[in-house]
Amino acid sequence: MEISEQLKNRFKNSKTILALTGAGISAESGVPTFRGKEGLWKQYRAEELATPQAFQKNPKLVWEWYIWRMELISTKSPNPAHFALAELEKNRSDFNLITQNVDGLHKKSGSGKIIEIHGNIFRNRCINCNRTYDSDPSKLKNSTDCPNCKSLVRPDVLWFGESYDTELLNRAVTLAERSEIVFVIGSSGAVGIPVELARIAKENGAFVIEINIDPSGYSRYADLFLQGKAGEILPELIPYFV
Ligand code: APR
């Protein structure tokens, strides 16, 4: 990968680095993206599965879909893109990671400083007492009752039409405001708030590097657009930062 001397210096001398990831970073692990040609929303309608109304109307159907996704994701492993970001965290004290992904693969690859702004598919939450539990698909197939109050539990993920967790979002905005280098990796920009984070970062002087197989809704903010697979590009790029 050809990087100019000027950029190499900028990468080496940058202090605060932020990565914002989407489903594309897990694509090479075999986790389907949402809007790609083989994406999840091609086979399913988001409105029928990933909304509070859908869950209220047919919790069984929504759980069937999430249990299917949990079982699928449980068979997948992190790919070189995840490991490259975990390596970056090990080497740069002021590196943070914000992910839209709920698949837990960043944690599995060794990343620790992660903000999961769309939640985590392997955690569920009681709709009544708000207790959270680790999700075990085999148990959920038999019962979706809260052990504490017997009400219904739901996947602890953000659904369409729901608001972001305020505390998580505030942390994400602060990181976007203060980061000198921001990676945007494998996201289409179809969802507004994460794109806003990239805009805020850009407005505050960040150098934005986008890695995607196609241009996206973030590309207008990218100072450097690296077209290709995250699993191939990141392992070549990260050595310039460590
Ligand atoms: N490397 C890099 N980018 C890739 C790769 C890859 N190997 N494969 C696919 N991509 C890119 C696609 O070009 C696309 O821009 O990843 C992006 C995936 O886009 P989406 O499927 O829309 O996923 P994402 O942007 O994460 O969706 C955001 O929408 O459905 C909701 O809550 C859900 O978190 C999700 C949010």
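Each Cβ is built from the backbone N, Cα and C atoms, and glycine gets one as well.
Mean pLDDT for the domain 'Deacetylase sirtuin-type' (1-242) in this predicted model: 96. As annotated by TrEMBL, domain 'Deacetylase sirtuin-type' applies to 1-242.
Taken from TrEMBL, the feature NAD(+) binding site applies to 22-41, 100-103, 186-188, 212-214, A230. Neighbour density for G186 (NAD(+) binding site): within 10 A of its CB lie 28 other CB atoms from the protein chains shown.
Within the same chain, residues at least 6 positions away in sequence whose Cβ sits under 8 Å from that of Y66 (substrate binding site) are I121, S135, P155. Positions annotated as substrate binding site by TrEMBL: Y66, R69.
In this view, H118 (active site, proton acceptor) is surrounded by 20 other Cβ atoms within 10 Å of its Cβ, with every protein chain counted. According to its DSSP assignment, H118 (active site, proton acceptor) is coil. What TrEMBL records for H118 is active site, proton acceptor.
For C146 (Zn(2+) binding site), the count of additional Cβ atoms within 10 Å of its Cβ stands at 20 [all protein chains shown]. Annotation source TrEMBL lists Zn(2+) binding site at C126, C129, C146, C149.
Using a 10 Å radius centred on the Cβ of E38 (NAD(+) binding site) and all shown protein chains, the other Cβ atoms total 9. Between C126 (Zn(2+) binding site) and F34 (NAD(+) binding site), the C-alpha separation comes to 26 Å. Cα of H118 (active site, proton acceptor) to Cα of C129 (Zn(2+) binding site): a span of 20 Å.
Among the recorded positions G22, F34, H118, C146, G186, I213, residues whose Cβ is positioned under 6 Å from ligand 1 are identified as G22, F34, H118, G186, I213.
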